[in-house]
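Engineer: So that we are looking at the same thing, I have put the structure below in structure tokens.
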Amino acid sequence: MAVKMPQRNGKNRISQILRFGLFWAIIIFVALIFYATLFPASNLKDVALSDVVRRANDGKIAQLEIQGNDIKITPKDQSKPTEHSVKESSSIYEQGLNKDAKVEVKVIPPSTTGETMWNLAVMVVPVLIIVVFFMFMMRQAQGQNNQAMGFGKSKARLYGQDKEKVLFTDIAGNDNAKQDLQEVVDFLKHPKKYKDLGAKIPKGVLLVGNPGTGKTMLARAVAGEAGVPFFSISGSEFVEMFVGVGASRVRDLFSKAKKNAPCIIFIDEIDAVGRKRGSGMGGGHDEREQTLNQILVEMDGFDGETNVIVLAATNRADVLDPALLRPGRFDRRVTITLPERKDREAILKVHFKKKPTDETVDLDKLAAKTAGSSGADLANMANEAAIIAARRNKKKISNDELTEAFERVAIGPERKTKIMNDHEKELTAYHEAGHAIVGHVLPDSDPVHKVTIIPRGGTGGVTWFLPPEDKSYTNVYEFKDILARAMGGRIAEQLIYGDDGITTGAGSDLRKATEIARDMVIEQGMGKGLRDQVFHEDNGGLMFDKMTRERPYSDETAKMIDEEVAQLITEAKHRAMLVLKENRSFLDKLAEALLKEETLEESEVDEILKGTKLPKEAKLHS
Ligand code: ADP
């Protein structure tokens, strides 16, 4: 069923081409007939009239066929005319032909076909031009009409079942999600089994997970496994400038789907239309609400016989309107988490399946380094590695390309062309050394993985910490060490160049540190005075919502939050200062090594920093 539509489209195109061809063939044919009639081809030899008259008087010509002023001449030894001449006056005898010459003179009344054709042409051609012009205009107008009519049509893409079929086996990891969705496959395949027992088949399943975790792939795999058509549309595609368009698109999509049942409708980014309905100010808002209402109406309208299941994806389930999540709508939820180490390895294997690699490539090691990466990130890394290898004219991908691809995806490409003067280079070296030493010395920080003063992405240099294993939770000590090491760069600059020697190089560190500190206080209940309290603010709403909604805490609490955040940052700065002062000589050593080598790996950093000490005052616990 699914491949029908494209076929129909194909047929339409062929018949269009045929009609177009036929139209021009007729035009050319008519033109040729006109031409042939008006300018008849003649292969007769032109001869002078005086010559004709002389030869006729001599008896050398059998017949003269006269039509108007044209004379066709048949010489004595010929059976049909071979020559042609033109007479000037009305009678051939006046031109000198003897009355008794032995020649047959045949006078044919002048033809009016040419003239008629001319007259006809003068009448028909303009009419023809006008008709063609109108046909052209009509078609144009019809096209526009179609466009206008199609405005309310959904732009859902229908995927065929054979060519682009995705199966669960194409998706690495995500075992829990696959298990949950297997049930949906069963509903689609054997609806009767459930109906016989009086069970209602669910109408909507919400796939919740970070971007790139494979939600779209999973939805397609459900369709692939069940062998049903798959309509895919993004939430944002419903909404246009005009109110009502979204709703009509929803109607269109559901009616298409019902015709193709059993089938899957996949709405990506449902939060684009399914956010909590709020103040109702602003046109876009109304449009969103109407679209959302229409989705609800359509889902409620499914009767027991309609075997259409709507899968919707979002990474912000918390901002969705509760009406969407009520029983009978999106009442099932499948959570898709970021892949764990073994899943990351499996995903990498899937994406390296068709890429030749040499023996230096260790996907398990890469999987270990890529905690927090989504499936899409890993797919991107695999692709980058192949691109880098191809650019280096290699036949196989090696570990070098893999490492570069990983770093590129994680922090952006190296910018070797960015020119830094010697002072900036030195400052960067001290800055990064500051981060590295604080991170290295503090007990609850992840180890340093790499330090570089080659600009990458938007930064001057990078100090990179990687957890030795996947972690699900972060404790207060770990957060505080992250804050301290983030401040390490600025503090190192301060130690070396004085209080006024600090630069903008630490801007992003400070921003990140403040974000983490706020998150600790507001979302994680990790403040000192505000311990175990959470002040969650939904920041997903539109501007009008934000303006009209009250903060869920008092002004005093807001002040306390600010104070808590400031305290955390001050403490982090203090600890970073203690660590760097205690290990001042190592700061010079590491900065020097960085200036020389530009990039230092984990083992090299460990070697240089052997002998660093954790000052007692910087300790948070025993
Ligand atoms: P989402 O819809 O969650 O944003 P997609 O389904 O579009 O993510 O995934 C993007 C790409 O990431 C896929 O095309 C695929 O190449 C890759 N990918 C994500 N997860 C997996 C997985 N578990 N196994 C294999 N590839 C994956």
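Any Cβ shown, glycine's included, is placed from N, Cα and C.
Pulled the feature table from TrEMBL, pasting it below:
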ACT_SITE  GLU432  active site
BINDING   HIS431, HIS435, ASP509  Zn(2+) binding site
COMPBIAS  73-87  compositional bias 'Basic and acidic residues'
DOMAIN    201-340  domain 'AAA+ ATPase'
REGION    72-93  region 'Disordered'
Engineer: For the Zn(2+) site (HIS431, HIS435, ASP509), what does the 8 A shell look like? I mean other same-chain residues with CB within 8 A of the CB centroid.
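Structural biologist: The surrounding set, listed in chain order, is GLU432, GLY434, THR463, ALA486, MET487, GLY488, GLY489, ARG490, ALA492, GLY505, ALA506.
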Engineer: At 10 angstroms around each C-beta, which of the recorded positions GLU432, ASP509 has the fewest other C-beta atoms nearby?
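Structural biologist: Checked GLU432, ASP509; of these recorded positions, fewest Cβ neighbours within 10 Å: ASP509.
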Engineer: How many other Cβ atoms are found within 10 Å of the Cβ atom of HIS435 (Zn(2+) binding site), counting all protein chains shown?
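Structural biologist: A count of 28.
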Engineer: Which residues of the same chain, at least 6 positions away in sequence, have a Cβ lying under 8 Å from the Cβ of HIS431 (Zn(2+) binding site)?
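Structural biologist: Spatial neighbours, sequence-distant, of HIS431 (Zn(2+) binding site): GLY460, GLY461, GLY489, ARG490, ALA492, GLU493, GLY505, ALA506.
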Engineer: Counting by DSSP secondary structure, give me helix, strand and coil numbers for the compositional bias 'Basic and acidic residues' (73-87).
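Structural biologist: Result for the compositional bias 'Basic and acidic residues' (73-87), in helix, strand, coil order: 0 helix, 7 strand, 8 coil.
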Engineer: What does DSSP say about HIS431 (Zn(2+) binding site): helix, strand or coil?
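Structural biologist: The residue in question, HIS431 (Zn(2+) binding site), is helix (DSSP, three-state).
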Engineer: Going by DSSP, give the three-state secondary structure for ASP509 (Zn(2+) binding site).
Structural biologist: helix
Engineer: Mean pLDDT for the domain 'AAA+ ATPase' (201-340), as a whole number?
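Structural biologist: Average per-residue pLDDT within the domain 'AAA+ ATPase' (201-340): 82.
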Engineer: Sort the residues of the domain 'AAA+ ATPase' (201-340) into helix, strand and coil with DSSP and give the three counts.
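Structural biologist: With helix first, then strand, then coil, the domain 'AAA+ ATPase' (201-340) has 61 helix, 31 strand, 48 coil.
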